[in-house]
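Engineer: My questions all concern the structure below.
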Amino acid sequence: MAETTQNMEGSTPVAAEEEEERDPESNSLLQPLIKRSRTLSSSPLAIVGTKVSHIESLDYEYMTGFIYFTGANLALTLFATFLCVMFAPTAAGPGIPEIKAYLNGVDTPNMFGAAPLIVKGHQLIALKWRKSELGKWRWLLLSSVMISITIYLVPSLQIFGSIGAVSAGLDLGKEGPLVHIGACISSLLAQGGPDNHRVKWKWMRYFNNDRDRRDLITCGSSAGVCAAFRAPVGGVLFALEEVATWWRSALLWRTFFSTAIVVVVLRASIEYCNTGKCGLFGKGGLIMFDVSDVSVYYHLLDVVPVVVIGVIGGLLGSLYNHLLHKERKNMQDAFESQCSSFHFCVPLLLPFLAKCSPCDPDLLGIICPSTGRTGNFKQFNCPPGYYNDLASLLHTSNDDAVRNIFSTSTPNEYHPTSLLIHFGLYCILGLFTFGIAVPSGLFLPIILMGASYGRLLGICAAPYTKIDQGLYAVLGAAALMAGSMRMTVSLCVIFLELTNNLLLLPITMIVLLIAKTVGDCFNPSIYEIILELKGLPFLEAHPEPWMRNLTVGELADAKSPVVTLCGVEKVARIVEVLRNTTHNGFPVVDQGVTPPVGAPGCATELHGLILRAHLVAALKKKWFLSEKRRTEEWEVREKFTSVDLAERGITIEEVIVTKDEMELYMDLHPLTNTTPYTVVESMSVAKAMVLFRQVGLRHMLIVPKYQAAGVSPVVGILTRQDLRASNILTAFPHLEETERKRK
């Protein structure tokens, strides 16, 4: 592609041969993609391409270039949207809230299947191992290795949805999709592949349990963060602080091992790309935004602007969360075509409003102004020797824009007006992009906004502090992320690994703590807001104060009566209950049990709890009895295995039961959990919620305070939905008034 032609007036004459060689039209291989107009051959203006392809020339036809790049961006956006809408709706968005909900106990259908993985990432390579060569814990190690190896391939492959969304120049990143991709790979490894094409190896039955699957998804999430930010320790802490609900010491070293393998594979890939075989994608290293070349000197007076950055970061982060929540509620359907057009038109036109700045002659080894595909100083609409600072931020990739703002020892490179425009523009673009049906991440857009306002404050504080403006940009990015996402420890380590400057640790800690504290005073984190918008029943760590004034018995009375089954139940009754209800657990009771000494009549005993999946499995196996009796233990072992009961995805509609079979019986005693978690009806909802969350329950039975003949042994059953604050306030409106007065 031809280099940008320049105005030759006033320049030193050169030989005709050299002029002909410089002329783009003298060489067909150097001609620009968009033909220039003969009437504009002496114009000093230039049109800089968007993030799709950086094509620069002084003589382009404006309308032709506008239509060309708008069409390219629109096609890429619609391509990503088509994949999400038609094949994998769960692939839209960052994916981190859904992972957080799953690790909290919410199993979203098709969230970690093959379709979201293909749309967001890449195909999974299966390995074949013999049972004798691989034990249970070795499989966990192998899974961690495979997650880490395959997760790094995603940035290089960048398939389908993420490619279209990022390449279209939308205000989003690939960090969230990378975390989701890691979780998808983990889930597929745990269950042996997609639902319809699972590997039926015997040793894989060890992983047909929620605990191992949850551990693998946690490892995949930490590996995804490590691959996105090249921060291995930050990835482990991110999984600990933000994603995982239940954590233990064994999970710590497994996630650490996964991220360690990511770094090893990353280092090997960088060495391979340094040979020049990766083209334009071969640049970079383990440190993405290196600011280690500047010394950090600060005194007590310098803490004042640092505190101001933290306070502003918390305020702006909470305001950004509020606007995202409000905007998403008011505009449920976003038009991706309009979003793409807006993302192209505005960044393309705004640099015309910026002033041209002269190039600094002291910058050694840096091309200024740059006229090719790369470069930090874009010659947008500027004469030779000048550059457009706003175009240098808008007409490049998001990663390069962050590097430009983080650049140190460049006190005069960016005008405050350009930084203010850049900050406001990305705030609007972030609100405009949020919620569209494309794979998207929130990290990089928030970093861009925070870096802009941080450097702007650094310019204002320059006469009073010795801290470099680039370091202020780093602190601003950290503050805005803490104000929006409400993380501290993991963000601190991630930014240290991103910037490679350990001297920033003390002031980074101060900024993060202040920003999180200020943000918590106004609204929850951005991920909690997304969980609320999607209706995922996420249980918080601490119950609401008003939950202490409500008992679980009162909560059970506000619900419909509990559906129970007898220990030996008729098949027709079981089929009727499964078809007419959506409950996933049913208490099993035995009638006519001999009561304790001194109690009159016969009592009803609570035998335990049986799951819907086990009932469907028993119906599918045709485990019927011709008479009403209890079965022996050996009969159960002959008919069922642990794999049969662990099978998922079977519905009652798929089971065919004949009319004659409806009159038979089923013994539910062997399939019943005889030791379910129970609470007395007088227990407070707050205490029950803490128990429910800490143990990781799915159902909790409510038993009466007094046992007597004629009294049902179970008062009700609590699920996750019953313990949500919004559902409780709907059933008890007077509590909502109390909550409003408290606030």
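Heads up, the Cβ atoms here are built off N, Cα and C, so glycines get one too.
Because TrEMBL annotations are produced automatically, they should be read as predictions rather than curated entries.
Positions annotated as compositional bias 'Polar residues' by TrEMBL: 1-10. Per TrEMBL, domain 'CBS' is recorded for 672-737. If you look up TrEMBL, you'll see 1-29 marked as region 'Disordered'. Look at TrEMBL and you will find 66-88, 139-166, 216-240, 246-266, 304-323, 419-437, 443-464, 471-496, 502-519 tagged as transmembrane segment.
Each of these features: where is it, how hidden is it, and who are its neighbours?
Structural biologist: Sequence-distant contacts of the transmembrane segment (419-437), counting only residues of its own chain at least 6 positions beyond either end whose CB sits under 8 Å from a CB of the stretch, comprise 81, 84-85, 89, 92-93, 170-172, 320, 323-324, 327-328, 331, 334, 336, 339, 342-343, 346-347, 350, 353-354, 390, 393-394, 405, 445-446, 448-449, 452-453, 455-456, 459.
Outside the transmembrane segment (471-496) by six or more residues, the chain places 225, 229, 231, 233-234, 237-238, 240-242, 289, 291, 294, 296, 305-306, 309-310, 312-318, 320-321, 402, 405-406, 408, 442-443, 446-458, 461, 502, 504-505, 507-509, 511-516, 518-520, 524-527 with a CB less than 8 A from a CB of the stretch.
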Engineer: Give the nonlocal contacts of the transmembrane segment (304-323) in its own chain as ranges (CB under 8 Å, at least six residues past its ends).
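Structural biologist: Sequence-remote neighbours of the transmembrane segment (304-323) are 298, 427, 430-431, 446, 449-450, 453-454, 457-458, 461, 464-465, 467, 472, 475-476, 478-485, 507, 510-519, 521-526, 529.
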Engineer: Go ahead and report the DSSP secondary structure tallies for the domain 'CBS' (672-737): helix first, then strand, then coil.
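Structural biologist: When I sort the residues of the domain 'CBS' (672-737) into the three classes, I find 26 helix, 12 strand, 28 coil.
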Engineer: Residues of the same chain, at least six outside the transmembrane segment (443-464), with any C-beta under 8 angstroms of its C-beta?
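Structural biologist: Residues 171-176, 228-229, 301, 305, 308-309, 312-313, 316-317, 320, 398-399, 401-402, 405-406, 411, 414, 416, 419-420, 422-423, 426-427, 429-430, 433, 470-481, 484-485.
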Engineer: Looking only at the domain 'CBS' (672-737), report the model's average pLDDT.
Structural biologist: 89
